[in-house]
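> Dumping the structure here so I can ask a few things about it.
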């Protein structure tokens, strides 16, 4: 036991293979009696012996020496005998505590079985396992230094604290070592000083030797100039990207050298352990979309747990990167590397791409602009070099130079279609330019202009390719583009931050920027994909198994934490519909309903349909409402928090009679009778739940502690007297009633009820917006709105619709609404089982419509548009992306349309841009409808409407900002 105890300081015990559930029994717990005089040790002992989780047990064992000193041999001897096989001596291998930092699985296993660093050198490659070797070096140094402490416990503990973390030791830590160890061991002080003195910031010129690794002479020169003139890491990285005309790649010798020098030269430099998400969890998500097993395996190898060899990268480039049949995987990878963003401006070479605020581009920046000019210079030499073919061309300065410039700029700036997100030029343009300007005598044997273009641009479908004539002339908008702005494009934030549109406004006296830089996490050590801190993220299993995912939290350390494995989904399962096989992920229509096959399960909307085969009797009974319910508005409130127009419709969507009650949900008082305890206050919190309310209670209130003193949290709310408070606590402390969340608005002082698109009557426009519900018309809800393409509902004829917000707009009518509006509209199918699983493995709370809206809102990049939505009575989530100005310009309406089309495409393609986020990954199919501009100055609406719709208070940007 003495030998075992001596190993404690460096976490030299580890979990062996043991059954996951241990039952210590009374004999085991009696071990802790030996620690009766040390309550902290006794508590840890009891936690160890009662732990039912391997990971929890491992954590406790690593922390135990801090509470149970080595002198308590009886405790450790008893634990060893009570949990045989759990504690294993590691014979002095100080690197054991670092093994979890290994990226490659085989390296991690070798580390756990090793007895010295030499044992892992053949398996673990230093160039890839920087974090592991840095940790081992630190522990080796710590083992030597702290051994001088002998049996002096305090000195040893303060010494160990210096080496326990991979961050720089603070002055107080160093001072503590001096105080406790100076009189005990001068050698220890000298050893620690040698270690801590390596921490001052490195001089950038120390890395000048890396510049010689650059393959391009211009890059070598720029690198040396930058390292000798710039000081901060951010300046240096940005300068190198601009000077070398390349983005950082881990396989690039220059960047590889910088990584090695910054991480492993000093043993204490900060190196975060890689998360259990593979090297790039976002790109790993794309691998399952590969059409061929070869590309799927290569993709998985490159982005899972260890860097692929240079041969793997070359093979992926050769067989997959430009393969037209792999368009689904390649588009997905492009979404991760360079997501499509609205707007392009400030280019000096590709000037025809400027001033296009409502078009999508992947790479509108100065580097790509310069890259296009460089490409043109290379092509002037008479050859266009592609990875799989060289294309000989005539003098491009004389033969269609503007067309060639448009091609070079398109390849670099990468315009992308709002629906397909494709960035390739159209085949007809490719054939035309090669027929005119290709050097046919030098074409590769057997190739023609058509065959070459079949490899490069195999389609003329305008939803999947970019026509070049768009960029042969400047934008028709000129410089008048201020109607639509893009605060996050180009990205103003640091590399570890996420840029978000500032919709909250600013406190008085604050510098108010149109964007917010929020801390985030990367989805893997080699990932540039940033997610918001505090959010739940879905990532593929790090092994890359298709259909296997885990849910993680983006923690405050900037790393993904608390990962929980989900049940694997069989993506090979198909659905049989009408005798036809439908593959996973396929969306299609059955009559008027949109359906999707998800892992063998058929998920459809519940629209009532008329078909060409419908009988005369069916046509006469047809109402357009679910189950052909009668067009009567007698609202009932379901236990999911949704108001349904009638009991018939509630039953049709699956509610039992005991699962709804008459009256709208908003009219119910969830705090009467009071469901909270005496020391708590009941606060109404209306929500519409998407999860099964039988599994996760859809409560309409929250119980909060009664506080004498409220904190200073700024989360403005407005009471029923139009008085504003800093937060809900302050409002209730004053004995007031909540009217709506968000700052008080002058126009809401005179309370006038409005009907939301969800069929709920709100006390004011502000109250509706606080639920992120847009307004259909003024007054109490009185009708079931339009649902069917086959006709209209007579009750809407009695509704007075406001004036339309813009002329020249062909409006949309949201399902269940009466009045038209200028907006982009999405009707989305979701997987309820998946949402239930998310709720089960996370916080056991229901997932709501508001959860979806708040997440989608972050993906709308134009501040002139905002997101509203509701659950329709046809089992779809309806999303409305609406201009916020009272009289929106055509450009703003178009921007909202493009945002809607972009989100539809991301949902339908299962792009990691959305699918990485919980709960957005449960959105499986979407249909978009946009209110495009028409030439006529006025809009004629159907006879039932006779009226036009105003966007009510979409001028109220301040209100939008807080809601």
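Each residue, glycine too, has its Cβ placed from N, Cα and C.
Not my notes, these are from Swiss-Prot:
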type: SIGNAL; residues: 1-28; note: signal peptide
type: REGION; residues: 31-332; note: region '5 X Knot repeats'
type: REPEAT; residues: 31-78; note: repeat 'Knot 1'
type: CARBOHYD; residues: 80; note: N-linked glycosylation site
type: REPEAT; residues: 98-135; note: repeat 'Knot 2'
type: CARBOHYD; residues: 194; note: N-linked glycosylation site
type: REPEAT; residues: 210-257; note: repeat 'Knot 4'
type: CARBOHYD; residues: 291; note: N-linked glycosylation site
type: CARBOHYD; residues: 346; note: N-linked glycosylation site
type: DISULFID; residues: 627-652; note: disulfide bond
type: DISULFID; residues: 629-648; note: disulfide bond
type: DISULFID; residues: 637-665; note: disulfide bond
type: DISULFID; residues: 710-729; note: disulfide bond
type: DISULFID; residues: 718-744; note: disulfide bond
type: DOMAIN; residues: 749-783; note: domain 'Kazal-like 3'
type: DISULFID; residues: 755-781; note: disulfide bond
type: LIPID; residues: 936; note: GPI-anchor amidated serine
> Would you mind pulling the DSSP three-state label for residue 652 (disulfide bond)?
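Helix, per DSSP.
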> In which DSSP state, out of helix, strand and coil, do we find residue 627 (disulfide bond)?
helix
> I'd like to know which of the disulfide-bonded residues 637, 648, 718 has the most other Cβ atoms within 10 Å of its Cβ.
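Ranked by Cβ atoms within 10 Å, first place goes to 718.
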> What is the separation, in Å, between the Cα atoms of residue 194 (N-linked glycosylation site) and residue 627 (disulfide bond)?
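Approximately 79 Å lies between the Cα of residue 194 (N-linked glycosylation site) and that of residue 627 (disulfide bond).
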> If one measures from the C-alpha of residue 781 (disulfide bond) to the C-alpha of residue 648 (disulfide bond), what distance in angstrom results, rounded to a whole number?
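Rounded to a whole number, the Cα-Cα distance is 18 Å.
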> What does DSSP give as the helix, strand and coil breakdown of the repeat 'Knot 2' (98-135)?
23 helix, 0 strand, 15 coil
> Have a look around residue 744 (disulfide bond) and count the other CB atoms within 10 A of its CB, chains all included.
19
> Name the one residue among 291, 637, 729 whose Cα is closest in three-dimensional space to that of residue 744 (disulfide bond); these are the recorded positions.
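Nearest in space to residue 744 (disulfide bond), counting only the recorded positions, is 729.
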> Run through the Cβ atoms and count how many others sit within 10 Å of the one on residue 729 (disulfide bond).
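So the Cβ neighbour count for residue 729 (disulfide bond) comes to 21.
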> Summarise the repeat 'Knot 4' (210-257) as counts of helix, strand and coil residues per DSSP.
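Taking the repeat 'Knot 4' (210-257) as a whole: 34 helix, 0 strand, 14 coil.
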> Within 10 Å of each Cβ, count the other Cβ atoms and name the one among the glycosylation sites 194, 291, 346 with the highest count.
291
> Would you kindly give the Cα-Cα distance separating residue 629 (disulfide bond) and residue 729 (disulfide bond), rounded to the nearest Å?
44
> Whose Cβ, among the disulfide-bonded residues 710, 755, has more other Cβ atoms within 10 Å than any of the rest?
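Buried the deepest by this measure is 755.
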> Calculate the distance in Å between the alpha carbons (Cα) of residue 291 (N-linked glycosylation site) and residue 637 (disulfide bond), and round it to a whole number.
47
> Have a look at the disulfide-bonded residues (627, 629, 652, 665, 781) and report the one with the fewest Cβ neighbours inside 10 Å.
627
> If I take every residue in the repeat 'Knot 2' (98-135) and average their pLDDT values, what number comes out?
78
